[in-house]
């Protein structure tokens, strides 16, 4: 997650949710191709209703990024984005078992 940050024209440090999803899917694909088992992932997230990462089911865009931007360091997935990613990881793990 640390390699896909960007800064908006208004100066907010952010990430695109779709980039995080692509990275996680690529991680699982690489392990499948190598015949290895994924050991874990590191995700920056919070259970709060922040608007620090672009995208997700709430369609956070650059115009709404400042609404609830609270991070003093790295942008985090909010509660909905975290749940979306958790379901994706669960699907990937289930696919690896079959």
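Residue positions begin at 1 at the first shown residue.
Using the three backbone atoms N, Cα and C, a Cβ is placed for every residue, glycine included.
According to TrEMBL, the protein carries these features:
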type	residues	note
BINDING	2, 44, 74	Mn(2+) binding site
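In sequence order, 1, 5, 15, 73, 75, 76 are the same-chain residues whose CB sits within 8 A of the CB centroid of 2, 44, 74, the residues recorded for Mn(2+) being left out. Note on residue 74 (Mn(2+) binding site): other Cβ atoms within 10 Å of its Cβ, all shown chains, come to 13.
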